[in-house]
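Taken from TrEMBL as is:
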type	residues	note
SIGNAL	1-18	signal peptide
DOMAIN	5-324	domain 'FAD dependent oxidoreductase'
BINDING	43, 44, 166, 183	FAD binding site
BINDING	223, 278	D-dopa binding site
């Protein structure tokens with residue numbers, strides 16, 4: 001049979017990483033990325049890009065750990081290479097602090113990040129309102145450079161990029177054999193997934209180059225994440241809120257909360273406000289389907305619903321996409337050989 005034609009729909013971190021894993025695993029494929037928006041206009045561009053996982057309620061912990069470990073290993077290798085600066089990836093140390101000792105003192109990812117330990121009493125003096133903390137080193141992605149870096153790698157592999165709004169995956173069945181759906185919150189409308197809902201996140205990007213350590217309040221709502229070019233201050237988790245308009249009172253609240261943890265932020269300059277909709281569901285949707293209509297078939301692989309954990313697990317889920325695409329290719333070859341008999 002001819003080389004399978006594969007389309008990845010979506011150009012955020014899930015889509016581009018899935019396309020890279022498929023391109024690496026099946027170099028003979030004809031591969032394209034279709035998206036209505038590319039960086040710097042994707043939801044991923046708003047994300048802080050910190051590798052601190054959030055637990056997905058209906059995904060087994062060992063699976064989440066595997067995805068995180070694969071992602072951490074992949075990004076750590078980039079951070080340790082000459083391409084780290086261009087890819088926007090670096091190591092950052094800091095603290096996760098709690099008002100009281102959490103039930104889970106050792107999160108499932110504690111042995112994946114570097115140097116995880118309980119904070120000392122003297123360290124906790126920096127945060128007088130908090131009674132317990134965890135110190136560790138993890139990875140931070142500056143999202144727009146990372147997405148651009150992945151696009152560059154895809155183009156070098158001959159992958160085509162098309163700006164295109166896909167209203168229905170079925171419209172692609174005449175052009176492609178396999179479609180990988182990485183549309184994030186767009187899957188709510190595109191495939192009618194009623195289990196998918198937005199969790200609105202508003203963040204501030206500020207210029208405060210003296211801030212070198214990350215701080216995350218234990219509830220995950222207030223955080224300070226220093227990147228290469230700016231510091232991300234957060235945040236909000238507003239379920240079922242679809243508005244992308246920044247709210248000025250929320251901006252003030254985020255800034256005040258972050259200043260209470262790091263008073264030097266009062267001198268931060270150039271506050272930019274960004275809003276994104278996290279594509280949330282009880283578990284990441286990672287599965288393959290066969291769509292058929294009037295004798296025609298389309299093989300579909302879904303990869304969306306990462307919620308707050310997109311950057312923390314994107315490479316692990318992308319590797320799973322490549323495995324599922326491999327199953328689709330095998331099915332195509334099987335039906336092709338049967339047709340010849």
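The backbone N, Cα and C atoms fix where each Cβ goes, and this holds for glycine too.
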Pairwise over 43, 44, 166, 183, annotated as binding FAD, what's the top Cα to Cα distance to the nearest Å? 19
At 10 angstroms around each C-beta, which of the binding-site residues 43, 44, 183 has the fewest other C-beta atoms nearby? 43
In the predicted model, what is the mean pLDDT computed over the domain 'FAD dependent oxidoreductase' (5-324)? 96
Just to verify a number: CA distance, residue 223 (D-dopa binding site) to residue 44 (FAD binding site), in angstrom, no decimals. 17
Compile a sequence-ordered list of residues in the same chain as residue 166 (FAD binding site), six or more apart from it, whose Cβ lies below 8 A from its Cβ; state 'none' when nothing qualifies. 9, 34, 36, 172, 183, 190
Cβ proximity for residue 278 (D-dopa binding site), under 8 A, sequence spacing 6+, ordered by residue number, returns 43, 185, 198, 199, 200, 201, 237, 306, 307, 308, 310
